[in-house]
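Engineer: One structure follows; several queries about it will come next.
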Amino acid sequence: MENLEHTLDVARLVIGLLATVVVLGFAAKRVLWLTKLISSGQKLGDERGRKDDLARRFLNQNKEVFAQSKLLKWSIPGIAHFFTMWGFFVLASVYLEAYGVLFDPKFAIPFVGHWAVLGFLQDFFALAVLAGIIVFAIIRLTKNPDTIGRESRFYGSHNGGAWEILIMIFLVILTYAIFRGAAVNVLGEHFPYQNGAFFSDGMAALLAPLGHTANVWIETIALLAHIGVMLVFLLIVLHSKHLHIGLAPINVTFKRLPDGLGPLLPMEYQGEPIDFDDPAEDAVFGRGRIEDFTWKANLDMSTCTECGRCQSQCPAWNTGKPLSPKLVMMNLRDHLFAKAPYIIEGKPMPEAGSVDFATLGDSLHGHGVPEDGFARIEGSGPEQALRPLVGTAEQGGVIDPDVLWSCTNCGACVEQCPVDIEHIDHIVDMRRYQVMVESEFPGELGVLFKNLELKGNPGARTPKNAPPGSTSWTSTSRSTAKTWTVSRGSSTCSGWAAPGRMRTAPKRPPRPSLNCSPPPG
Ligand code: SF4
Ligand code: SF4
C-alpha cells in the first residue's frame, strides 16, 4: 500500500506540474496578445483624468466589483452572482492546498490552514456556488431566446458558451467534493480540517464504504481532475466572454467619473481634442474604423459579459428597433479580434477596393440575429480588413446604419451595465464620423442640420422666439461658425455649426456639435 501511495504521489506531482506549466504558457501568450490588442487603441483625451482620483476609483471598484452593487440591483441573479464570485475567491484557497498536496500529501496552508472557520467557508461556498449555477441554469432555461425570442436578454449572446461555463463551474465543485471526501478518508487525522468542513465530511462518509485503496486512487484522480478543470477553465475564460472575470475590475477602475452619463466627450484625435478652426491634416472625425477607437473603448468591448441587461432596458430594442447595445459591443469586439492580425500582428492590409462586398451576400447571421452585423463576414480574411465599420449588409458593415441611428442616447444601457461599459460615447463617435466624413445620416436629420447651418440652432429659432423657460439664448457668428446656448431649468445645451460645410468630402470640417451639461454639482 505504501508503495502504491508513493507511486501515485510521484505521478500526480509530475502530471500536475507538467499540465500547469503547459497551460500557463498558453495563458501567458494569450494575456500578452490581449494586452497588446487592447492597448493598440488611440489615447484618451482625458488620459490623466481616467487615472487620477485613485482613492475614489478604488472605493468605486470595491463597491461595484466586490460588493456587486450594480449586479445586486437585480436581486435573484445578483445574489447568485455574488455567491459565485465570492465562492471563487474562497475556493482559490483550495487550489493553493491542491498544489501544496502535489508536493506534500499532508500539506496545510501556513497559519490558517487548520482553522475550522476556513474549512467551513470552503465547504459553504462550494455549496453556494453550486446553488448559484443552478439559479443561473434556471434563468437561462426560462429566458431561452430560442423560445421567447427578442424578449430574452440573452437574445444574440453566445448561449452555448454560457452553458459551457456553467458546466465547467459544476465540474470544479464536483471534483472538489470528491477530492475532499477522499482526502478525509485517506489522511484521517492529518486532514487539515478536523472540524468545520461539514460537506467534506459528508462526502467522506459516502466514499468510505469503497475502502482505503479505492479512496487513495479516487483522491489522486480527483485532485488531478480538480486542477485540470481549473486549467481548462482558465483557457476558456481567456478565449471567451468570460474575459470579464479579469477585465471587469480594470474597466470599472478607468470608467468616467462619476459615470458615463455626463456631457458628451469632445471629438478627439490621437488623444487631443480636435481644433475645428485648424484641424490636423490627418485628423479623423469620430470613429470610422475599429482602429480609431481608444484603448478604453477596446477595453469596453473586451469586457462585455453578454449579460443582456443593457438590451433588456434599451427603449429602441423594446420598441422593435434593430439596436441592441449588447450586440453593438459584441459586434465591435468580434470585429476587433478578427481584425487583430492586421492591427497588431503585422499582416499586410489588402489593397483598398480589392474586395467586392456585393458578391459576399448576407447569409452569415451568427448568433441567429438579423441585427448582428459582425457575422456578415467572419474570419480574418481580406474582407474583414476592408469592410466598413458602419454599413448595410450589402456593404459588409460591422454595425448597420439602422442600428446606429436607432439610439436615443437615453443612457439606460450605461446605467445598467454591471461592468461600466460606456456605450453612448462609442455610438456617438461612430455617428460623428458618419455625419462629418461620410455625410451619411437619416434624411430626417437634414432639417436639423440645415437649421444649425442657417440659424445656428436645431429648431430654427431666433433670440426673439427662444423656447419658453429659456434663461438665455444666444446666436453669434464667427468667421466660419455659429454658436448657440440654451438653458432650460437647470440644464444647459450649447452647440455650434460651420455653415456651408455640412455635406463636404472627407477630412473637411463641417462639424455641427452639440453638448448638453447637467446642472453644476
Ligand atoms: S442610449 Fe441608446 S443604446 Fe443605450 S439604452 Fe438608450 S437607446 Fe438603447
Ligand atoms: S450590460 Fe454591459 S456587460 Fe451586459 S451585455 Fe450590456 S454591455 Fe455587455
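Even glycines carry a Cβ here, placed using N, Cα and C.
Okay, these came from TrEMBL:
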| type | residues | note |
| --- | --- | --- |
| COMPBIAS | 470-485 | compositional bias 'Low complexity' |
| DOMAIN | 295-325 | domain '4Fe-4S ferredoxin-type' |
| DOMAIN | 395-427 | domain '4Fe-4S ferredoxin-type' |
| REGION | 456-521 | region 'Disordered' |
| TRANSMEM | 12-33 | transmembrane segment |
| TRANSMEM | 71-95 | transmembrane segment |
| TRANSMEM | 115-139 | transmembrane segment |
| TRANSMEM | 160-179 | transmembrane segment |
| TRANSMEM | 216-238 | transmembrane segment |
Engineer: Please figure out which one of 12-33, 71-95, 115-139 racks up the most CB pairs under 8 Å against the transmembrane segment (216-238).
Structural biologist: 12-33
Engineer: If we skip the immediate neighbours and take only residues 6+ beyond the ends of the domain '4Fe-4S ferredoxin-type' (295-325), which ones have a Cβ under 8 Å from one of its Cβ atoms?
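Structural biologist: For the domain '4Fe-4S ferredoxin-type' (295-325), the far contacts come to 34, 37-44, 50, 74, 150, 152-158, 162, 241-244, 247-248, 250-251, 254, 287, 332-333, 336, 370-371, 400, 402-404, 406-408, 410, 412-419, 421-423, 425-427, 429.
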Engineer: What same-chain residues lie close to the transmembrane segment (71-95): Cβ under 8 Å, and 6 or more beyond its ends?
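Structural biologist: Hits for the transmembrane segment (71-95): 109, 118, 121-122, 125-126, 128-129, 131-133, 135-136, 139, 169, 172, 176, 180, 226-227, 230, 309, 416, 418.
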Engineer: In the domain '4Fe-4S ferredoxin-type' (295-325), how many residues does DSSP call helix, how many strand, and how many coil?
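Structural biologist: For the domain '4Fe-4S ferredoxin-type' (295-325), the helix, strand and coil counts are 19 helix, 0 strand, 12 coil.
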